[in-house]
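According to Swiss-Prot, the protein carries these features:
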REGION    1-392  region '3-dehydroquinate synthase'
BINDING   43-45, 78-81, 109-111, Asp114, 134-135, Lys156, 174-177, Asn185  NAD(+) binding site
BINDING   Arg125, Asp141, Lys147, Asn157, 189-192, Lys258, 272-276, His279, His295, Lys364  7-phospho-2-dehydro-3-deoxy-D-arabino-heptonate binding site
BINDING   Glu189, His279, His295  Zn(2+) binding site
ACT_SITE  Glu268  active site, proton acceptor
ACT_SITE  His283  active site, proton acceptor
REGION    405-871  region 'EPSP synthase'
ACT_SITE  Cys853  active site, for EPSP synthase activity
REGION    890-1080  region 'Shikimate kinase'
BINDING   Gly895, Met896, Arg897, Ala898, Ala899, Gly900, Lys901, Thr902  ATP binding site
REGION    1081-1293  region '3-dehydroquinase'
ACT_SITE  His1198  active site, proton acceptor
ACT_SITE  Lys1227  active site, schiff-base intermediate with substrate
REGION    1306-1588  region 'Shikimate dehydrogenase'
Amino acid sequence: MVQLAKVPILGNDIIHVGYNIHDHLVETIIKHCPSSTYVICNDTNLSKVPYYQQLVLEFKASLPEGSRLLTYVVKPGETSKSRETKAQLEDYLLVEGCTRDTVMIAIGGGVIGDMIGFVASTFMRGVRVVQVPTSLLAMVDSSIGGKTAIDTPLGKNFIGAFWQPKFVLVDIKWLETLAKREFINGMAEVIKTACIWNADEFTRLESNASLFLNVVNGAKNVKVTNQLTNEIDEISNTDIEAMLDHTYKLVLESIKVKAEVVSSDERESSLRNLLNFGHSIGHAYEAILTPQALHGECVSIGMVKEAELSRYFGILSPTQVARLSKILVAYGLPVSPDEKWFKELTLHKKTPLDILLKKMSIDKKNEGSKKKVVILESIGKCYGDSAQFVSDEDLRFILTDETLVYPFKDIPADQQKVVIPPGSKSISNRALIIAALGEGQCKIKNLLHSDDTKHMLTAVHELKGATISWEDNGETVVVEGHGGSTLSACADPLYLGNAGTASRFLTSLAALVNSTPSQKYIVLTGNARMQQRPIAPLVDSLRANGTKIEYLNNEGSLPIKVYTDSVFKGGRIELAATVSSQYVSSILMCAPYAEEPVTLALVGGKPISKLYVDMTIKMMEKFGINVETSTTEPYTYYIPKGHYINPSEYVIESDASSATYPLAFAAMTGTTVTVPNIGFESLQGDARFARDVLKPMGCKITQTATSTTVSGPPVGTLKPLKHVDMEPMTDAFLTACVVAAISHDSDPNSANTTTIEGIANQRVKECNRILAMATELAKFGVKTTELPDGIQVHGLNSIKDLKVPSDSSGPVGVCTYDDHRVAMSFSLLAGMVNSQNERDEVANPVRILERHCTGKTWPGWWDVLHSELGAKLDGAEPLECTSKKNSKKSVVIIGMRAAGKTTISKWCASALGYKLVDLDELFEQQHNNQSVKQFVVENGWEKFREEETRIFKEVIQNYGDDGYVFSTGGGIVESAESRKALKDFASSGGYVLHLHRDIEETIVFLQSDPSRPAYVEEIREVWNRREEWYKECSNFSFFAPHCSAEAEFQALRRSFSKYIATITGVREIEIPSGRSAFVCLTFDDLTEQTENLTPICYGCEAVEVRVDHLANYSADFVSKQLSILRKATDSIPIIFTVRTKKQGGNFPDEEFKTLRELYDIALKNGVEFLDLELTLPTDIQYEVINKRGNTKIIGSHHDFQGLYSWDDAEWENRFNQALTLDVDVVKFVGTAVNFEDNLRLEHFRDTHKNKPLIAVNMTSKGSISRVLNNVLTPVTSDLLPNSAAPGQLTVAQINKMYTSMGGIEPKELFVVGKPIGHSRSPILHNTGYEILGLPHKFDKFETESAQLVKEKLLDGNKNFGGAAVTIPLKLDIMQYMDELTDAAKVIGAVNTVIPLGNKKFKGDNTDWLGIRNALINNGVPEYVGHTAGLVIGAGGTSRAALYALHSLGCKKIFIINRTTSKLKPLIESLPSEFNIIGIESTKSIEEIKEHVGVAVSCVPADKPLDDELLSKLERFLVKGAHAAFAPTLLEAAYKPSVTPVMTISQDKYQWHVVPGSQMLVHQGVAQFEKWTGFKAPFKAIFDAVTKE
């Protein structure tokens, strides 16, 4: 056990730290703070902790006579830290008669400590307070120093006071019940205090990180009996005693630092703001990412950013930054907002640069507008005694991954700099492998601290190859080698990022690893690019030598599985080394540990980069193994058996490849740079770059055995290099390229060409570097020629010819391809652009993307370029990549034959305005029109699959972002390579849509189709095999049932068009803002309910599918139910709900696997809303939230048992949880035990308005809550077998009750005009009012006078609710409108008057909506961009028709009329973007190339067509044959029901015709919805209007 420690602060030993010190806590408070009243304050979460209960009971038992103990419990969470809670507590204290001798005892985390401390500072002008912190963060930070505060709506901690506690009693035992994430969160402050003040403690923290994380990750939830209430509570439990010493020390040491700083600067005038290290930037991130991200997580990111800022200023060494980053990761904290797990946790929120800087401007350390940041000098020490001023320019650079490089204008020609690059990556990685295999201790100095070596160190540690520690404040790594004897297989895959060197070296090392009882193999893996880079030659050699290795994905690349029960035999090993010398070095280094001496023969041609092989051999010699080169056989080496003996110290030479950048800077800017630790004796081939490349180009070179100095010629006088073989220094070719770009001859006939060869291996590095250089140099205006093993760079005649990379839309970035060498090379060329312009001339900077990729070999490169070499840099908000700016992600449709892919692909292309490509047809085009069937007969299925995969990968690469629909063959998923390509496309944001239907229907169809190649097996077997593949490859799914009638076919098309528009974001899912409802279905199968589904949904904005009520949960069954519902209800938005038993439903509580599958079905089916229970496991919740796409999430919580009143903390906690999850809608359902529960609910509703909230009470006593709920009220229907919850009402019942309460005012509405005796408007609207229970009345007001309408209705009827305007008043009424909609203005007529209140009216026109919606309802897509439109007639209705066709996306609209002279004035009166073409002659129609697929007839219907007009019409009707959908004509007249135009269109030209009655009803329904705000019961209205 640990000892009780007392830490002084402000001269008093008031901070007590120990473990299990409840006795001491009670005794200290009662003895040293005598009082008549003690008040323990905590939140409801702490009340569940047994240790708290024990403490309260003990405190009560120990009270002296005359004293009392009060307890006050608040709701948990930051929302309790408010003025309201403070006032409630103060009122409680007053009511209880508390006086000035009261002692407040704050037991809890930071929220409790801050708020109770503030109450104590103001109550009775100040009473005593004792802090008992229970979270790690509170123990080491908020409880110490006397800062107290509450939050306001405008910001956190804005109102508070300094009020020092009488005691801070820190009991480590509280941490046993701290949640894992909160525990890790607190470590950020612990690491921070060590970082700024205590280097020894920082080192101790480093060495105990794995212990900490193992214990914290082992926390379990346990059920406990509450000693105060006897209820069963569930709490987290961590085995603190397993790391008690470490935890005690980390808490104590962190407290000591804060106490010392506070004692020196209580009121935070200078020194105390050092405690804000990481907070300036961290708080800015927290302001954006709250509540998803915790304080410590944001401070962790802030510390790394602020440390990088210090490194940027040249103050902090790169090693120290690497140490800080490493320890934060080791304790489970984020170091970047872009980490995958952290992005998922914060729900992919963006952190815009301007917002971060704005948030940073609100910081107490700032002075006015000047920002201040704490700068670190080294681990354990800050720079100066307080925060330092920092410019926005420097902050922008640090906060972004895109850097702006300004012209190198202000760099003096006589500048001389000394630059020491980081240690060589090549030597660092070799040294770590050899020292780990060696025996004894080796201190490695100048090790490169980069991503590559970090992965290598991690791997050596995980494989137990050596014991690794650090000295010299982390600058020296100490490797205690075990001679290879302890190498053991690890269970987790070794992730190597994009570290090619590490991956190759570790592949051979893996052959030496021993199995453990539980682990017989290891897995090496990496990022996406690493999984493309070659490793096959090395694997082939090791396999041939007895090591069993499997590829887990792509043949020839990582990931690989190396079996550790096989052995590395030795003997003769043959290896192809023409691609990478690292294969050779990998085997060389491990060869001494083979069972036999090794003869390594390099075969297949001249090995690449032989100098690196020589480097390896020389290093092995330093560690005691001598490699002999064969004198009889070329490229062959003899390696004896043996063990490396580690030298006591090994100093790693600086990286010669990295050294080329500062040396090239000198060459290009005419300055001088010295690299003091690389000379001609270097082991590295790139050391000759200065001598062999820069010297012939005109530079002065001074090179000794250990140093290199380059002085560049005057700017602009570098000479091209006619030819250079860079095979000995291939990595340096990129640097040579950018130097060559500004090199030119004085000879006017010269092409200024520099030719570089010997670099073929650079095509398979981090990227294809040769292609990358050619592509990016072109952006600067520099031409190149790619060679088989090199590149030619055609230098510019003048540096002034260099261009800022840009395209037609403006500047673009230089892509770095996640390649450190590409980034560093172009950072030099970027600074030369405009560098020779006049000094006062404004010069645009060059943008470099992904600057952090330099972390692979030189994390501090940008710091050197800025601080040492004098470059001006800035940061910038990322541009939308040019490729993404206009990106229209393509759609790939997969599925079995006969699933409807061909038809639905056409619908998809039409709906989205995309181009359609059938891959089977493309296959035939590429194979001389040979059919798939013929090709399979001649070449077999395997060859066909290869070709199919090739074609698919090509089209995705070339057109994946360009708006295509690709219809694939049914068997595309048979190929593993195709499956990977499909999944990759889906993960990159593409749409892979699995189209499926009932397998029985598919079988029947396929057995009767002779045009397709025969299956070699039963269709059902094929489906059984492919079903899972289709699911895993697709990110969306659509069930397309067989259609037996045209009406079904049209309904399916509408359903699909809305579906594809929803999943692609073309159709936005809107959450209703006004009164709205959704109906809860309770059927177990919708198949037999299709007729009822439409009336069931009357008046509703959405329909809930209670999946837990369905007959079964199979994917096919559930998808079919969704399809039936969409077709039957014309795609009313679906709420997908799986209600668990404990939340009042039927779904088993613990069936999480099935639940996940159901949610996956929902999201793939693009449901508009998904109900997510807030009681589900967190991992399921985050999985759904991060995969939601365009689906809106309803976070729900139900209290069926009536356990919680609406003022209980449960609801507040759940609401905060919903905010943290960032759900779109919150749904809370309580149980009304009495009427007052409804009043409490309304108070809750009124105080929780920051998210749309559905809040209702169940039972008949809660009915009023359903009436008062505003958004998406759950309702039932008389047509349902039962309601989904007790007390549910129908829409009509709710409206009637709401009317009786004064919520809906009865309105009088009219149709106005003359004659209106036969008007169907009253029947239309009154039918809707009756069905929905609305109190309104619609009547006729017959008049020819607009003036009379104004006097009697607009001005004279106080209950006036709106008017439908017909002839002759559509123009006359406009003068009395205060506003006109765009439609009314353009159409030039008003058919709808909408009251705005205060005697103001808006004029609208819904005729165009009647036309548009009638067309869409009859199979016309919502977007018809590839089809022209036609309007027949030029009267008043034609204007609405033209407006409607334009809204559908018709790029061109033709218009014909009996009197052609009327066309021109009509066209001129409408917007030019309508692109209306008036047709004057029949002949001109023949020249029209467009397909015409949609038409509106606006001519009188009661007489025959004029012959000339009929002739024009018929010529247009012919053009409907090739439309992308069934050509459709709408008749605007509704009497007679069949007109001459309809007859000729349908009977002679097979156009689909829509009668005028549909337009009439659709325009009336649009009016209904505008006047009432309710969704109209369309079918019932249509039947009523048309029943005559």
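The backbone N, Cα and C atoms fix where each Cβ goes, glycine too.
Listed in sequence order, the residues of the same chain lying 6 or more apart from Glu189 (Zn(2+) binding site) and placing their CB within less than 8 Å of its CB are Leu136, Leu137, Val140, Asp141, Ser254, Gly296, Val299. Using CA atoms as reference points, the recorded positions Ile191, Gly895, Ala899, Gly900, Lys1227 were checked against His279 (Zn(2+) binding site), and the closest is Ile191.
When each of 405-871, 890-1080, 1081-1293 is checked for Cβ pairs under 8 Å to the region 'Shikimate dehydrogenase' (1306-1588), 890-1080 comes out on top. Each residue in Gly970, Leu995, Arg997, Thr1002 lies on the same chain as Gly895, Met896, Arg897, Ala898, Ala899, Gly900, Lys901, Thr902 and has a C-beta within 8 Å of the C-beta centroid of that ATP site, without being one of the site residues. Residue environment of Lys1227 (active site, schiff-base intermediate with substrate) contains 27 other Cβ atoms, counted within 10 Å of its Cβ in all protein chains. In the three-state DSSP classification, His295 (7-phospho-2-dehydro-3-deoxy-D-arabino-heptonate binding site) falls within a helix. In sequence order, Leu137, Asp141, Ala188, Lys192, Gly278, Gly282, His283, Gly296, Cys298, Val299 are the residues of the same chain, not among Glu189, His279, His295, whose CB sits within 8 A of the CB centroid for the Zn(2+) site. Working note on the recorded positions Arg125, His279, His283, Arg897: by count of other C-beta atoms within 10 Å of each C-beta, His279 ranks first.
Met896 (ATP binding site) falls outside any helix or strand according to DSSP and counts as coil. A Cα-Cα distance of 9 Å separates Lys81 (NAD(+) binding site) from Asn157 (7-phospho-2-dehydro-3-deoxy-D-arabino-heptonate binding site). Shown are the binding-site residues Asn185, Thr902; the one with the most C-beta atoms within 10 angstroms of its own C-beta is Asn185. The two recorded residues, Leu275 (7-phospho-2-dehydro-3-deoxy-D-arabino-heptonate binding site) and Arg897 (ATP binding site), show a Cα separation of 66 Å.
Averaged across the region '3-dehydroquinase' (1081-1293), the predicted model reaches a pLDDT of 95.
A Cα-Cα distance of 21 Å separates Val111 (NAD(+) binding site) from Glu268 (active site, proton acceptor). Using a 10 Å Cα-Cα cut-off from His1198 (active site, proton acceptor), the recorded positions that qualify among Glu78, Leu175, Glu268, His295, Lys1227 are Lys1227. Comparing Cα positions, Ala898 (ATP binding site) lies closest to Glu78 out of the recorded positions Asp43, Glu78, Glu268. Neighbour counts of Cβ atoms within 10 Å were taken for the binding-site residues Ser135, Asn157; the minimum is at Asn157.
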